[in-house]
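Record features, source TrEMBL:
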- H176: active site, proton acceptor (ACT_SITE)
- G10, A11, G12, Q13, I14, G15, D34, N96, I119, T120, N121: NAD(+) binding site (BINDING)
- R83, R89, N121, R152: substrate binding site (BINDING)
- 5-143: domain 'Lactate/malate dehydrogenase N-terminal' (DOMAIN)
- 148-306: domain 'Lactate/malate dehydrogenase C-terminal' (DOMAIN)
Amino acid sequence: MARPKIALIGAGQIGGTLAHLAAIKELGDVVLFDIAEGTPQGKALDIAQSGPSEGFDGAFKGTSDYADIAGADVCIVTAGVPRKPGMSRDDLLGINLKVMKSVGEGIKAHAPNAFVICITNPLDAMVWALREFSGLPHEKVVGMAGVLDSARFRHFLSLEFGVSMRDVTAFVLGGHGDTMVPLVRYSTVAGIPLPDLVKMGWTTQEKLDSIVQRTRDGGAEIVGLLKTGSAFYAPATSAIEMAESYLKDQKRVLPCAAYVQNAYGLDGMYVGVPTVIGANGIEKVIEIDMNAEEQAMMQKSIDAVKGLVEACKGIDNSLA
Ligand code: APR
């Protein structure tokens with residue numbers, strides 16, 4: 001059976017890392033697409049040459065021609081610009097919206113059966129726009145944010161508790177921005193909810209609150225350190241986890257920016273919610289029970305995403 005085909009639209013920091021991870025995990029043949037001349041070709045060749053030492057097989061191609069993504073099973077989109085220190089993800093809206101238009105049209109023409117994972121920021125608005133421009137079914141177009149935000153939360157919690165990151169589960173929902181909703185009640189150490197760990201004296205509410213805030217600021221912390229771009233290792237790893245669940249029909253339960261209809265009081269919009277990802281794409285949106293405080297946080301996040309979507313419609317009339 002032929003190997004799956006994975007098209008990476010954008011061959012920058014995240015795109016290159018995605019290609020390397022896909023290679024090491026032998027997820028399929030990789031096509032790196034970018035408008036920057038030479039970059040996708042150079043990265044494809046470099047990664048292919050790591051095969052003999054790492055011991056993987058697969059074809060790696062760099063291109064600036066959308067025809068080369070033809071028949072892709074998965075497209076992961078990172079095309080656009082990342083933020084610089086002092087910028088919010090929302091500051092990228094105008095420029096990255098234009099990029100989503102060209103990428104959406106490219107996918108529509110050449111890879112209409114693909115499972116599409118968007119990483120470009122501001123995430124929730126860009127995944128919505130990409131779906132509109134591509135015309136693909138909603139369950140086949142999804143945004144990567146919740147897996148990353150939850151991973152950041154899990155990492156910080158593992159440091160606080162001095163336990164393996166593998167034994168920390170965490171839920172971060174809502175939009176991928178300052179209003180994201182880390183759900184403390186649904187986050188656990190080996191099944192013990194965080195509020196119980198406070199009661200047990202393993203941590204304090206103050207420490208938990210500061211970890212929640214550090215999670216919300218997780219991307220900005222890295223932008224501030226790197227100065228020339230934004231995070232790329234963990235974002236790429238998170239998207240690969242989603243792609244693998246689709247390609248192998250793993251039915252992982254992962255928080256993603258998915259199209260939500262008839263749940264969370266929504267009638268069709270993209271926002272971070274728990275989902276099941278399998279061979280049919282987003283196979284289920286899981287509606288969890290929220291208390292009044294959590295609902296208020298979620299609503300604030302939903303409103304922020306709605307504001308960005310309206311801004312997109314104001315910039316590009318075809319979206320209105
Ligand atoms: N089509 C294809 N590629 C494009 C286009 C386009 N229209 N416009 C820009 N690109 C390419 C750039 O040439 C660059 O190689 O997208 C790539 C982006 O790579 P980086 O600048 O290294 O950014 P990266 O760190 O990979 O982040 C990409 O993901 O997390 C988000 O906020 C981040 O929106 C940003 C995106």
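From the backbone N, Cα and C atoms, a Cβ is placed for every residue, glycine too.
Keep in mind it's a predicted model, so treat the numbers as computed, not measured.
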Per the 10 Å Cα distance test against R89 (substrate binding site), the recorded positions G12, I14, D34, I119, N121, H176 reduce to N121, H176
For ligand 1, the recorded positions of G12, I14, I119, N121, H176 whose CB is under 6 Å from one of its atoms are G12, I14, I119, N121
Rounding to whole Å, the Cα atoms of D34 (NAD(+) binding site) and R83 (substrate binding site) are apart by 18
Spatially closest candidate among I14, R83, N121, R152, the listed binding-site residues, to the residue listed as 'active site, proton acceptor' (Cα to Cα):
N121
Proximal but sequence-remote residues of the same chain as G10 (NAD(+) binding site) (Cβ under 8 Å, at least 6 apart)
F33, D34, V77, T78, A79, G80, T120
So if I draw a 10 Å sphere around the Cβ of I14 (NAD(+) binding site), how many other Cβ atoms end up inside it?
27
Tell me the coarse DSSP state (helix, strand, coil) of R89 (substrate binding site).
helix
Quick one: give me the count of other CB atoms within 10 A of the CB of D34 (NAD(+) binding site).
22
For NAD(+), with binders G10, A11, G12, Q13, I14, G15, D34, N96, I119, T120, N121, what's the maximum Cα separation in whole Å?
17
Residues of the domain 'Lactate/malate dehydrogenase N-terminal' (5-143) by DSSP state, where helix covers H, G and I
67 helix, 25 strand, 47 coil
Separation of alpha carbons, R83 (substrate binding site) and N121 (NAD(+) binding site) (Å)
9
In the three-state DSSP scheme, R152 (substrate binding site) belongs to helix
Other than its own, how many Cβ atoms are within 10 Å of the Cβ belonging to R89 (substrate binding site)?
26
